[in-house]
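Worksheet: the structure to be examined is printed underneath.
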């Protein structure tokens, strides 16, 4: 009997009259044809749903339907979490054990309740065997349960102790971090004040440089009596006023130095006149408090009244006493910078000399240092000395090139004068560092200043490293000279070194005319 085809398959065959290719592996018999079934029964008994018993039908109605107190309400996840945490936090605090007595009482009550429950369970589940075994089992169960409860309580106590320790550790960490932050803030303020103080001292040094240049122009001892005789009372009054002003300036500078030395505990011995402490190190907080109390008692160093003749010896003694603190401070910061930079013991670092050895080595050649301070580096004229006469320039004829007089190199550095003090090289170095520091902290929005700084950096880079074209050697690159554009009727400027005859020979050799000329000359 032919199988009835579904309607969809019949319609598809009508719409597509092309005959379908038969599958050679398909089974024409319906009984033996492979087919897919929903479930294969292997003989297992199906567990049908059991009907509800009559006892369940007689059960009371749910409390949710009868009592409104047990009815629920819609809520959001966020509100549920907040209510959940609000409920769990007080419950955890209620479980805390106030003291040891209360904990022991609670443990005993919990053990009694558990033992009663175990006895009831044993009475309900009695086994009709030996009576002694029942008693032994119940006692063993009671002991095991009591041990488990004690272990649980001990574990809770340990967890509470760990939480307390963690909270204490968090407090210590927070306090430690707060102390660290406050220390860093204080260090930053100290560095800022130190930079401001350095800028003020440098500003005073710049103002004193003008006075130094004026002092170098004053008459020297060999001609000073002549100026004094010819100057008269006007010169004497001006000399007296300048002497008073100079004395007041020296007194102010000495007071400023003593005030700065007295404020710092490590240099206070210089003002008091006591011996320095060789084992002086960084001051602790307790020492700072003592120093603050002493400062309140004595806020200023003692005033000194010195005459002009006493200042040279006083400053020499002060400089010698300051050497101990200077050497100790230089060595300390030199070691710190070496450790911070990581250059200690690497390469030739073991052969490096200490900073104090280098300073002593430089100070050994005192004659050279004195000559550097007695060298006239600026253009000024000392009163009482004749002006330097420039060398006459030889006259040149109209057709001859102009010849300049030959001046030896560094001639201005050979102008020595023992009566002057000139440190323009050190002064210019200070100015250069000041300008670099000021320009490094420019406003990024100031495009003009940033452009100037960028040009200065580019100049320094071009001096440090020059661009070299390594491919231009051995004739691998064509060399040429760019001529400037001609303006209006301007004649071209010939920059080549070849003359007309050389050009003629070049062109003749290129086009083969040179050989013909040689042949004509030979005939």
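Residue numbers in this text run from 1 along the chain shown.
Every residue gets a Cβ built from N, Cα and C, even glycine.
As annotated in Swiss-Prot, phosphoserine applies, among 76, 91, 284, 440, to 284. When 92, 285, 403 are compared in Swiss-Prot, the phosphoserine annotation sits on 285. In Swiss-Prot, the feature phosphoserine is attached to one residue out of 93, 108, 115, 280, namely 280. Around the Cβ of residue 237 (phosphoserine), the number of neighbouring Cβ atoms within 10 Å comes to 11. DSSP assignment over the region 'Binds POLR2J' (237-279) gives 35 helix, 0 strand, 8 coil.
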